[in-house]
Amino acid sequence: MTIAIGKAEEERGVFDIIDDWLRRDRFVFIGWSGLLLFPCAYLALGGWLTGTTFVTSWYTHGLASSYLEGCNFLTAAVSTPSNAVGHSLLFLWGLEAQGNFTRWCQLGGLWPFVALHGSFALIGFMLRQFEIAQSVRLRPYNAIAFSGPISVFVSVFLIYPLGQSGWFFAPSFGVAAIFRFILFFQGFHNWTLNPFHMMGVAGVLGAALLCAIHGATVENTLFEDGDGANTFRAFNPTQQEETYSMVTANRFWSQIFGVAFSNKRWLHFFMLFVPVTGLWMSALGVVGLALNLRAYDFVSQEIRAAEDPEFETFYTKNILLNEGIRAWMVAQDQPHEKIVFPEEVLPRGNAL
C-alpha cells in the first residue's frame, strides 16, 4: 500500500488562469499591457490609414487630404475637426454624427479617434516595457525613457488643444500637416525662442551627438578576439568577456577633452538623461503654450525698432515674420472669425 503525503492542489482562480495565458512565453508577448496596447494600436493605425486613404478635409479645413483626392504620403493627413466642434469627443453615436459614419468622417471624427487610441497605445507600450522588465528582473529604465516621447505626444496632441478653443488647433496627423503646425507654433507663440524648446533641441541633438560618439568609440576600441576578416565576424556572440576596452576609450577622451567618463554606469545614464530630459522639458513648454504663456519678449527692442527705422535686430525681424505668419494663417484657417489686422501690425514692406 502506497501513501502519498503532500499538499492538496489549490483551486486556481479565473485571474490566475488568465494571468498564466497572458504572460505565457510565446513569439509575441501579450501580457496585461497587451490588452491596452494591441487593440488601441490597431484602431489608431487603422483609423489613420482609413483617413489618409479615403476621407476628405473639405468640411473641416477646406482642403484635400486623402490619396483618393490626389494627395501623396507627404501631403495626406487625418485632419482636426473644425473650430465649431470645440472639445467634443465626436463619438460616432453622439449628437454630431448620430450614428452616420459618413457624416462622422466629414466632421473630423477620425482625429479624436486616432489621437485618443494612439495615446493609450503609447501608454500600453510603456507598460509593456515595465511588465517584461519585471518578468526578466530588469530595471525599468526603458519604460522611463519611453515616457519622454509619450509626454511630447500627449502635450502636443491633447493638452495644447485642450488649453485652446478646440481640437482644431492641434496638429493634423500627416507630414505636411505637422510642418504647418510648426509654422503655426512659431507665428503665434514664437516657439523657437522659448527656453523649453531650446532645452528640447539641446536634448535631442545632444543625444544624437552622444550616440554617434559612443558608437564610434566602442567600434574604435573593440578587441580582436577572432580570426574574422571584418569587425562583425571577429567575435563569438556567446563570449563572456568584454568586447571593447573602456580603459582605452577613457584614455582617448581624456586626451581629447581633458575629461572622460570613468565608468559605464555614469556614461550610459548620461546618454539616457540627456534626450529624456530634453523631451520632458519640451513637453512642459508646450503645456505652457496651451495656457498662452509667453517667454523672452524683448519689448524694449521692439519699441526702439518701431521708433527708429535704422535699428533692427534678428529678434525684431523674427517678430515681424511672426506677424506675417499670423496675418496669413488667420485668414486661411479661421475665416469665420473675420479678423481684420490694423495696418500698424502688418509686416512692413522693407522690414523682412
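Glycine too: its Cβ is placed from the backbone N, Cα and C atoms.
Feature annotation from Swiss-Prot assigns chlorophyll a ChlzD2 binding site to His117. When secondary structure is read from DSSP and collapsed to three states, His117 (chlorophyll a ChlzD2 binding site) falls in the helix class.
Per Swiss-Prot, the feature pheophytin a binding site maps to Gln129, Asn142. Take the CB of Gln129 (pheophytin a binding site) and look out to 10 A: across all protein chains shown you find 19 other CB atoms.
For His197 (chlorophyll a PD2 binding site), the same-chain residues that are 6 or more apart in sequence and have a Cβ closer than 8 Å to its Cβ are Trp191, Ser282, Gly285. Under the three-state DSSP scheme, His197 (chlorophyll a PD2 binding site) falls in the helix class. According to Swiss-Prot, the feature chlorophyll a PD2 binding site maps to His197.
Annotation note: His268 (Fe cation binding site) sits in a helical segment as assigned by DSSP. Under the heading Fe cation binding site, Swiss-Prot lists His214, His268.
Sequence-distant neighbours of Phe261 (plastoquinone binding site) (same chain, six or more apart, CB under 8 Å from its CB) are Asn250, Trp253, Leu267, Phe270, listed in sequence order. A coil conformation is recorded for Phe261 (plastoquinone binding site) in the three-state DSSP classification, outside any helix or strand. The annotation plastoquinone binding site is assigned in Swiss-Prot to His214, Phe261.
Residues or ranges marked as transmembrane segment in Swiss-Prot: 40-60 (among others).
Sequence annotations record features per position, and here Swiss-Prot assigns transmembrane segment to 124-140 (among others) based on sequence analysis.
Listed by sequence, the residues of this chain that lie at least six past the ends of the transmembrane segment (152-165) yet keep a Cβ under 8 A from its Cβ atoms are 80, 83, 86-87, 115-116, 118-119, 122, 171, 279, 282-284, 286-287, 289-292. Annotated transmembrane segment per Swiss-Prot: 152-165 (among others), in sequence order.
Residues or ranges marked as transmembrane segment by Swiss-Prot: 207-227 (among others).
Look at Swiss-Prot and you will find 278-294 (among others) tagged as transmembrane segment. Same-chain residues lying 6 or more positions outside the transmembrane segment (278-294) and placing a CB less than 8 Å from one of its CB atoms are 147-149, 151-152, 154-156, 159-164, 185, 189-191, 194-197, 199-204, 206-207.
Proximity of distant same-chain residues to the transmembrane segment (124-140), defined by a Cβ-Cβ separation under 8 Å and at least 6 residues beyond the stretch ends, is recorded for 23, 29, 31-34, 36-38, 40-41, 146-147, 150. Here Asn142 (pheophytin a binding site) is positioned 12 angstrom away from His268 (Fe cation binding site), judged by their C-alpha atoms. DSSP gives Asn142 (pheophytin a binding site) a helix state. Between the alpha carbons (Cα) of Gln129 (pheophytin a binding site) and His117 (chlorophyll a ChlzD2 binding site) lies a span of roughly 18 Å. Counting every protein chain shown, the Cβ of His268 (Fe cation binding site) has 14 other Cβ atoms within 10 Å.
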